[in-house]
Amino acid sequence: MHDIENTLIGTTGAGLSIEQRKRLTIGVELVSKPSILIFLDEPTSGLDGQAAFNTVRFLRKLADVGQAILVTIHQPSAQLFAQFDSLLLLAKGGKTVYFGDIGENSQTIKEYFARYDAPCPESSNPAEHMIDVVSGSLSKGKDWNEVWLNSPEYQYTVTELDRIINTAAAAPPGTSDDGFEFAMPMWQQIKLVTNRMNVSIYRNTEYINNKFALHIGSALFNGFSFWMIKDSVGGLQLRLFTIFNFIFVAPGVMAQLQPLFLERRDIYEVREKKSKMYSWWAFATGNVVSELPYLCICAVLYFVCWYYTVGFPSDSNKAGAVLFVMICYEFIYTGIGQFVAAYAPNVVFASLVNPLVIGTLVSFCGVLVPYAQITAFWRYWMYYLNPFNYLMGSLLVFTTWDTPVRCRESEFAIFNPASGTCGEYLSSYLQGMGAAANLTNPDATSGCRVCEYRSGKDYLQSLNLQTYSYGWRDAGICALFVFSGYALVFLLMKLRTKKSKGAE
């Protein structure tokens, strides 16, 4: 199969041909180091004559090097029939008609039927002749199962089976448990499966392009909707909502990655797990790791298209911190999507769970309902277990904390003091409840102008972000949520996977 080693398997009608698919399936079984035999159900069905012969000839080569192979085959040609060593012929109802050697050029089985008045003509296909004799026009009314039970071949077969069973019972086991469940060590499984997943995603240009296009389109829409936010009181709200808008890149990407994850998982559970090709741990690791480079690129694309268009600080330390948190968020929501898919029975179920999960996290992140107004039952656990809360907190601190607030004319509170200057009149207020307010003309005796906030820090403290260190604290917690999200992927894959018997 070296000539097709880099070919996409594809779907029916595209990619590998039927013959190549069957050879691949046989190869998959061989990789799992079968110790007893390979069972194949109609390996030649759907193939033309030449392809069928190539497949059976390949099986013949495996048998010649000692691999036991059991094949069910219907109406083989004479050329195919000659490739087999032994035959178990069954009549209607699963009754045995013949079990034994076929012989050179089918001579042994021809002699058997000739002995019971059903000789095979020289020009006939022995396989078709037997079928006609047993169940067709040449049966001559005989019960061929009774013929078999009364034949010397049957007696010889029973005696030989008894001898084999007794010999095997007295002999030590032909194989011993090597202590390993799989043919390869775990690190090599992870290496090969991850590499395969990387190649698979790299070739899936539609998947990659859609992911990139979603991020670029969302970022440009977000950035130009909040173009160059001013340093006003209203601008503080706009900063909050443009960051909040970043959250909603998640549902689209989750809806894209879950069908791919479920398709891979179903193939793994139906074929590769049962063949013991590799463990669930390697499968989960491959799916997680193969997504990471593209998620980093997505975060960079969103950052470039959004961060500077909304007018956030250009300082490298703040921009770098924002990019770090954005990358963490890409990992967080991907982990959420993958752990939902890891246990979901199908794509429809996963698509129904996604809005419930995202909706809950969005509702309690402190934007739609401020922290102080969240119901006490939810405030003291749901708010603090919510990764979106820490995402919003870290991004707000890094982009808004040091921003000076310059009120627009419509945002000033303007009034005349009862007596004295504006500074004297408001001194007790500015030292107490109004400590965050900015009196722009303290020496004036009329037309006092008060702005609600001095800087972004004053606004963020009203959102339960008390110091600048909360930004790095929340960024670190986001990183912890990355690991916890991916840990759930492995946990839920483990719950779906039953312990299988060790390899022998």
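Numbers run from 1 along the shown chain.
Here the Cβ of each residue, glycine as well, is placed from N, Cα and C on the backbone.
Given the ranges 212-229, 374-391, the record in TrEMBL names 212-229 as transmembrane segment. Stretch with the largest number of CB pairs closer than 8 A to the transmembrane segment (241-261), among 212-229, 281-309, 321-341, 347-369, 470-492: 321-341. Contact between the transmembrane segment (470-492) and the transmembrane segment (281-309) holds: at least three of their C-beta pairs are under 8 Å, each pair 6 or more apart in sequence. When Cβ-Cβ distances below 8 Å are used as the criterion, the transmembrane segment (281-309) is approached by residues 186, 189-190, 192-194, 196-198, 200-201, 208, 211-212, 215-216, 218-220, 222-224, 226-228, 242, 246, 249, 253, 257, 261, 264-265, 268, 272, 319, 322-323, 326-327, 329-331, 334-335, 338, 342, 486, 489-490, 493 of the same chain, each at least six residues removed from its ends.
Sequence-remote contacts of a segment are chain residues at least 6 beyond its ends whose Cβ falls under 8 Å from one of its Cβ atoms, and for the transmembrane segment (321-341) they are 246-247, 249-250, 253-254, 257-258, 261-262, 265, 287-288, 291-292, 295-296, 298-300, 302-303, 307, 312, 350, 353-354, 357, 387, 391, 394-395, 398-399, 471-472, 475, 478-479, 481-482, 484-486, 488-489, 491-492.
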